[in-house]
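Presented below is the structure to which this report refers.
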């Protein structure tokens, strides 16, 4: 039995490994979608709802993790006493995540594929909530850097996933797919992280309650009581922030999912393997600049980062439009810039709103819901048209960048105007 201090760092390491494996699992489908299409003898339009199923499952899983005592249910009825529920809950759901991703290509039918993908999304959602709550519980008010690092490891896993799948992708239609192996390897990595979590559990010097405190959002839903309506000012800020995230998040997630299809369907005849490497390059840029943005945000205002990222995304989309059918090198450049542009917008929107209102768990949950809605809607729309016209992905880029810019400018102007009004009122009071 190790000391509590040593055990805590082992626990942190096991959580980072779990998020690394979660990133691999999350991003395993995009670079392998063509091979899955072959396995299930389907069109891109037929198979693309797998993204919707998984996103819907993930959204449900995060709500489930926030609002329901899943850990207590497991502890009291299946596995263990209530005080041991935190680690074992995470062990169970990370293990289920590993199992479900392993069996995805073996489902036999699209219907079964969508069901298993939804279950995989649920396990990912619950695991994410459990990991965050555990870290917050361990480090309390000092948890900020550890949470940032947690999502850095998720982004790192997303970057590794295309590299992991590349050796198993078929180069042409005459080859037999080996994609089953990529999913099995992903599952093995997830299972390994689950085993490490289990070892950490048994090494624990104390038996603490993991989910002994529900979040404000969970308490509101489980023990609902009428509450005072938000002020007009807060409602407008939340509404504009909700719209900004609603438009932007679906754009980011959908582009990352369909980018390999976009480049392989171009006139350059990019192979699935090259598309996987291109996907990895984009995710590496995303990961690196997400880390840089953490430091940059200490000296640069969030609004500047958002405008800069939207500018980079506009440049990247222009490059992709110009060179989509003529230069593979410029496709690498364009997609690397897409990764740079995606890196800090989402957390910067949160940081910007936090400057003007208190982002409670309830407001944060509304924003999380907004990010999940368009991730469910966009994939079937893109999947319907991408085979006939791959540029539909870039048209969506232009529309989403424009709408995100419009919504954020409205939010920026509204908050700036209100801030100026309050400052003028203070000056009048001082002069009088």
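Backbone N, Cα and C atoms are what each Cβ position is placed from, and that goes for glycine too.
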In TrEMBL, of the candidate ranges 180-204, 205-229, the one given as transmembrane segment runs 180-204
- Message: Any contact between the transmembrane segment (6-29) and the transmembrane segment (230-251)? By contact I mean 3+ C-beta pairs closer than 8 Å, pairs at least 6 apart along the chain.
- Response: no
Outside the transmembrane segment (180-204), at least 6 residues beyond either end, the same-chain residues with a Cβ under 8 Å of its Cβ set are 1-2, 7, 10-11, 14-15, 17-18, 20-22, 24-25, 28, 32, 84, 87-88, 90-91, 94-95, 97-99, 101-106, 161, 164-165, 168-169
